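According to Swiss-Prot, the features are:
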type	residues	note
TRANSMEM	31-51	transmembrane segment
TRANSMEM	61-81	transmembrane segment
TRANSMEM	101-120	transmembrane segment
TRANSMEM	135-155	transmembrane segment
TRANSMEM	175-195	transmembrane segment
TRANSMEM	205-225	transmembrane segment
TRANSMEM	244-264	transmembrane segment
TRANSMEM	276-295	transmembrane segment
TRANSMEM	300-322	transmembrane segment
TRANSMEM	360-380	transmembrane segment
TRANSMEM	389-409	transmembrane segment
TRANSMEM	418-438	transmembrane segment
């Protein structure tokens with residue numbers, strides 16, 4: 001099929017689209033290169049073949065797949081372009097419709113979609129959530145490298161006029177300084193996701209600093225483009241373009257933003273956004289790109305600004321991501337990155353090294369200035385050395401996101417092909433080396449290392465208790481309040497400070513964020529579950545006669561990174577214990593219903609990393625229902641503590657001792673004693689010290705104490721099953737180091753290892769009981 005277009009009165013431009021295959025001319029099979037569709041198909045096949053082959057080797061040494069995209073472009077570059085040059089004459093007599101036309105269109109489309117989706121998934125609000133330090137770093141990291149502008153006039157005598165005129169050479173140096181000074185937020189976000197530290201304190205700091213820097217960069221880009229138009233084109237056109245940009249911002253903020261909010265408001269909760277609105281938003285993003293091109297601005301600015309306006313997360317943000325992310329990230333983005341790298345001719349760096357060596361010097365100088373500036377600020381604000389260096393490297397990271405800028409200035413002839421090739425190779429080295437260096441020097445687990453005692457056992461007897469509770473689903477609210485009611489007391493000398501954290505799986509945004517409900521964000525209050533839960537906790541606080549204070553937060557986070565948000569908040573709130581639901585769900589009759597594997601995995605991560613003690617609550621239903629029933633008797637909640645021995649049991653004992661001030665709770669401590677020699681004398685001494693005040697009935701009237709002698713594992717199991725029928729809630733330690741040999745025979749039958757041996761027995765599916773269980777692990781002290 002041929003398309004013929006008449007242009008003016010003197011030239012015919014034809015463009016061959018589809019062919020009849022290789023058999024169209026068997027003597028010359030390369031005839032297919034004269035048709036755009038077969039050529040595009042061959043290009044895409046070669047691109048993904050080289051990507052797959054490159055990644056097969058690079059993934060063995062931990063290099064990200066993005067580097068494979070770049071290397072595929074370098075492999076295909078000069079060789080493929082030779083083929084394209086041969087095909088251009090066959091494809092079209094119009095030089096604009098050469099062999100790269102179709103591939104370039106896909107590349108631009110991919111770049112637009114990627115920029116739009118990344119800004120939709122990236123919340124700029126993160127810039128204001130980490131205090132003063134990221135703001136200072138963001139500003140300094142942008143302006144400090146501009147100091148290198150003072151070196152622009154060095155070695156101007158050595159500029160070869162055949163390479164570039166003096167004015168253009170100085171403009172090229174200026175472009176390098178500006179592009180290298182800017183830190184693109186999507187680039188920072190990508191490396192943090194790759195390193196899986198986006199939820200860490202370091203990740204939040206880097207994101208915030210990058211957001212500030214990126215805002216300054218966008219403003220500088222608009223000013224620089226307007227100035228270039230003013231100087232090289234026309235004063236009137238420059239003013240027109242600037243006014244057009246201002247009008248665009250006004251339309252976006254006062255027309256498009258309210259329309260987006262209207263779409264969100266009219267979408268029922270838990271219902272998808274209608275396709276017509278999704279398509280309208282996408283078309284608006286494309287229209288904004290065309291608008292900016294018409295007014296001589298970078299086309300990516302339009303989708304970027306449109307993406308910023310769209311609220312992250314459900315319903316609209318997540319709908320856009322679900323509909324377009326896979327196609328963009330798995331098809332269009334690889335083609336876009338590879339196409340940009342295909343334009344890189346590494347041989348030009350060698351042949352024109354004397355012409356670009358000063359550009360290389362400027363790039364490295366800016367890198368050093370940025371590293372030193374960020375490192376100095378981080379050390380000044382008392383960050384550890386390793387974290388300071390990691391932040392500096394992350395903010396100096398260059399990757400495929402910068403290709404948009406490089407290609408734009410190349411097409412406008414602000415930089416040469418040799419400089420472009422160097423910048424591509426520089427980004428390739430940065431994308432491959434920086435993640436491995438940061439990974440080797442920074443472990444996110446170190447964030448939660450705590451050398452101070454952060455448990456209940458070591459609290460002062462009359463000090464307040466700080467607890468962090470986590471909620472996954474609406475049914476977690478009642479069981480959590482029921483547990484907290486055990487500590488409420490009319491005695492105000494023993495206050496309880498509760499931090500409630502709603503855990504929301506991140507779907508439509510890329511940046512995790514923790515929001516305090518004291519700020520009354522509209523979108524959060526429109527979530528009926530969270531709003532209702534907050535009202536329930538507020539009522540609980542009012543009914544507790546000021547003995548309990550409750551602060552609520554919501555964490556939007558990725559499922560596999562939620563433990564980092566929990567640990568960070570636990571550190572910030574100086575909590576002594578984190579309480580999380582087990583993930584095992586029961587029916588109203590106490591029958592097993594389901595297991596939440598994601599919740600169980602989260603609990604295991606917390607057990608390994610928590611900076612304080614942790615409790616896992618298994619609620620069969622009766623405990624939470626009974627806590628709301630007011631009994632005429634003094635006690636209506638029976639809590640049993642099964643004490644075998646070890647630090648976790650001592651922590652569990654310290655916890656229940658704080659329940660004795662609640663007149664509705666009766667606590668019984670049952671100690672199981674094995675009739676053989678104790679393995680650890682020191683643990684035995686510590687156990688007796690913790691139980692000493694309970695053994696004396698005169699000094700302790702609120703907690704009952706009893707001992708049972710067991711001779712075998714079978715008797716332990718029978719004792720646990722009998723106790724499960726007597727109490728509403730059983731509190732047990734997770735590990736029992738002292739008697740590991742006695743309980744070792746049960747470990748191979750454990751279904752829920754995060755609950756330990758005894759906890760697993762009490763939470764077993766076939767246990768004919770309605771008892772709820774709290775499994776306690778004392779803070780894992782790091783050395």
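Placed from the backbone N, Cα and C atoms, the Cβ positions cover glycine too.
Counted over residue pairs separated by six or more positions, the transmembrane segment (276-295) shares at least 3 Cβ pairs under 8 angstroms with the transmembrane segment (101-120), which defines the two as touching. Segment contact holds for the transmembrane segment (300-322) and the transmembrane segment (244-264), given three or more CB pairs below 8 angstroms at sequence separation of 6 or more. Counted over residue pairs separated by six or more positions, the transmembrane segment (135-155) shares fewer than 3 Cβ pairs under 8 angstroms with the transmembrane segment (244-264), which leaves the two as not touching.
The recorded stretches the transmembrane segment (389-409) and the transmembrane segment (205-225) share 3+ CB pairs below 8 A when only pairs 6 or more apart in sequence are counted, and are therefore in contact.
For the transmembrane segment (360-380), the residues of the chain that approach it from at least six positions outside its boundaries are 133, 136-137, 140-141, 144-145, 147-148, 151, 173, 176-177, 180-181, 209, 387-389, 391-393, 395-396, 422-423, 426, judged by C-beta separation under 8 angstroms. A Cβ distance under 8 Å defines the sequence-distant neighbours of the transmembrane segment (175-195), meaning residues of its chain 6+ beyond its ends; these are 64, 66, 114-115, 118-119, 122, 124, 138, 141-143, 145-146, 148-149, 152, 203, 206-207, 209-211, 213-214, 216-217, 220-221, 224, 359, 362-363, 366-367, 370, 394-395, 397-402, 405-406, 409, 414-415, 419, 423, 434-435, 438-439, 442, 510-511.
Sequence-distant contacts of the transmembrane segment (101-120), counting only residues of its own chain at least 6 positions beyond either end whose CB sits under 8 Å from a CB of the stretch, comprise 36-37, 39-40, 43-44, 91-92, 186, 189, 282, 285-286, 289, 299-300, 303-308, 310, 312, 317, 320-321, 324-325, 328-329, 331-333, 335-336, 339-340, 404, 508-510.
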